[in-house]
């Protein structure tokens, strides 16, 4: 939209709008003369802000910013963050009624309802009985302090900025980053889902054990099959119940929310009933007799009287109890040995608060599965205890030990996130969440701890240890204590479990939808979709399926530790997030809630970790494995999200610390590895010219060490800023295509020379600086349109030497292998001078990569006349053995042959070429005449010198014809080159002398001009062929030619040749000749890497 149609945010009292009929655009009587831009009026506030008017689009005025913020409404319980919601332009904003929940209704009650639940009603008495009051107290205190510390950390995170709906997942992902956020979010999701399964199993257990036992489908024939039959019943009924609940959630969440208060009332009433019952036991304990045979507890739902025999009408008759232990109801029938030896006694199941039973219940009584529940009193033991299993004794259904009880108990303290999950509906979330959550945890902690003590003080030990209430006529044990009737608790706990199950099934899919919509876990994206009103249908389906796996486990005691793990993982990360943010002192970390400290968060974190391993070490490992898999998956595949999270802050701090440590000393030779600065050339469209150079970098580094990829653009930064960005983007694309891990650096400089120099000097940071420069050989330096290309190359060589950096130059880089593995082949190292051992190290590093792995390494060294080549070979083999490198060794002997005519000629041609370039200031007509004479002259002179050369060379006559052929080729070559370059110049009608590519100094230019004006100027060219070549040049050319012959002879078929790179001449004069020498040296070789050491040892024989 144009600014004209933008609604004005600021009123301008001093601007008068005059509307002219016709075009319909309001004209403003502007405070500026000749104001043509009518639209600017809406952007800045008159004259006062004229200084800032150009930036108003990107930097709005404070007043307009504040007015926008004031109208901000938090989104509804939909799970989208406000920044992301604004991105969908055109979506109609729904009017949101401002949320009105306070701390009590919005946070305290939901937390209370979620924390108190199935474990309190079904397992708490059994935990107290088995672990004893002391250990049970320790279990409860540990779990509650864990959640309290987590709540403190959570409060700090929740009050650090606006928490959108989505609660814990949003808090963690925005403060720990997408990887941790996703891992924790999914852990929390799995925890909530399994909690749903646990609540459903609790519901069914209450239904089948205490409300309608007759509804069981599977009935056990004998006592051994009872447990299995019960589990099957749980599976069938649990699946039905889950289907029903999922349908309710699918049809409408509003019904679940309406019922929430009913469920909450059930929980509160049940707890009040327990406390009322405890108080009543002081005056009048309820009558729940427990029948003991000797010291063993009996299940008393198979008989009515706790007597062996009864006297009816003065006749002694046997009771139902007798027939359970004897073969018949006759008085003289054979009975169980233990039954005969011990008497039957009856004790009160609930002796009352003042009875002193607390001292008996202080200590634990753990035991294996099928252990009899016995009271601590005298009895006569039977000789054969194996027969006891089928008799109606109360036994342990599972083996019990301290750590198991921790795992089973922990779910009863989860649910502390309930308040923060509703953050979207609170009037003031930043105030309500900390107060509500911490109060709820304090309340439940008090309830749990008092329950431990009160249960231990009121209830007989054998009843406490009786999990299903078999000894008190199949009553819920906690129900026997309550007042006015056990049914209050049974019905209350039934509805509370139902409600909690429904809420888990409502909350979990929403959480999954939130994670899916964030797009950080690609394979979950399908679960982000839902019905038109945003209900997560697919997520609900997945949740129901995961829930079903929990129900198929069928045992509450087996499911509880699983969800303990996932919740503990989640709480661990909440604590970690808080501790990290506090320790890193992130600038954005300023929570409203002030009562937190990193030490508390660390304590909470350690406690979570300890509880995970205490309750079940193998589940803990599995949960961690799942979380770390999710973490790595998101890191590998997930979307790039920048949420300003704490882990990024941590990486920055760690990097800074490491860099400061690195600065202290240069690396030891053992740690030396090439840290590369790769100099890339870009084409006219700013694309990478030699992508294979990046590929070679990858092969050399194998992902280790530092790689900086640099390039230079010519110009000024202000003019070329967008091009620099584009170039950087292109390089990054090329790097990812070639799998090069590293940093990219594009410099804009007035000329390439300086740009490269700046890169060599300043790339890297602190100790993370490059020590090696990698570049491609300037292949077009002879016919280059840019005469500076080889000048720049030589200057770069000089600068790397000055900076004590190694230099690698790749020739024919486009022929280097890409990703295809090389089969057989060799990497040949020509070790001519020792400059730090780079030549040894590079092939070793290359062979670590799969492309070069199968290549063998060969090392050649050159022996002069007076060297003992056999001894050299032995020494070199020994050296390599100590270096632990596998390589073949060969010593090549180079005899001091005389300088051949060919070498002499080549040197001469080279010098003539450079002279000729200097003299190309001749006029066009002269030039045409010269060309012909030069070529004639050169031919005849070459022939003349050939004859003399062949005689004086001292080489046998066989080589003379060969020399001749070569010289003819050279002559032809120079002729072709000259004619080609002259013809090219002549074709252009406006080919002015300035177009000729040479390097001039000012003095040279003037002297040449003056010479050109002299009448004998044309003679200057003729003199070219009478000149003698420079002796040092001839010697250098001799080395180049001879070495080239040897290298080509030995290494023509090698996959890669590594060669010492000779240094450039000290004086600037012979630069062009230097390029010629290198060209001659590398002639006829396919892939070559020239290596120049950085002046330090990089490889060592010592460990």
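Cβ coordinates are placed from backbone N, Cα and C, and glycine is handled just like the others.
Computed from a predicted structure; not experimentally measured.
Copied over from TrEMBL, here are the features:
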type	residues	note
COMPBIAS	27-36	compositional bias 'Polar residues'
COMPBIAS	924-940	compositional bias 'Basic and acidic residues'
COMPBIAS	947-959	compositional bias 'Polar residues'
DOMAIN	107-303	domain 'Amino acid permease/ SLC12A'
DOMAIN	395-677	domain 'Amino acid permease/ SLC12A'
DOMAIN	807-947	domain 'SLC12A transporter C-terminal'
DOMAIN	1007-1103	domain 'SLC12A transporter C-terminal'
REGION	1-39	region 'Disordered'
REGION	920-961	region 'Disordered'
TRANSMEM	102-124	transmembrane segment
TRANSMEM	136-159	transmembrane segment
TRANSMEM	180-201	transmembrane segment
TRANSMEM	236-253	transmembrane segment
TRANSMEM	260-283	transmembrane segment
TRANSMEM	398-418	transmembrane segment
TRANSMEM	438-464	transmembrane segment
TRANSMEM	484-502	transmembrane segment
TRANSMEM	538-556	transmembrane segment
TRANSMEM	562-584	transmembrane segment
TRANSMEM	596-620	transmembrane segment
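In terms of C-beta pairs under 8 Å, the stretch of 236-253, 260-283, 438-464, 538-556, 596-620 lying closest in packing to the transmembrane segment (398-418) is 596-620.
Touching of the transmembrane segment (102-124) and the transmembrane segment (438-464) is concluded from the presence of at least three CB pairs under 8 A, sequence neighbours closer than 6 excluded. Same-chain residues lying 6+ beyond the ends of the transmembrane segment (538-556) with a Cβ under 8 Å from its Cβ atoms: 118, 122-123, 190, 193-194, 196-198, 200-202, 205, 231-232, 234-235, 238-239, 242-243, 246, 249-250, 408, 505, 508-510, 512-513, 516, 526-527, 529-530, 562. In the predicted model, residues of the domain 'SLC12A transporter C-terminal' (1007-1103) average a pLDDT of 73.
Sequence-distant residue pairs (6 or more apart) of the transmembrane segment (180-201) and the transmembrane segment (236-253) include at least 3 whose Cβ atoms are under 8 Å, placing the two stretches in contact.
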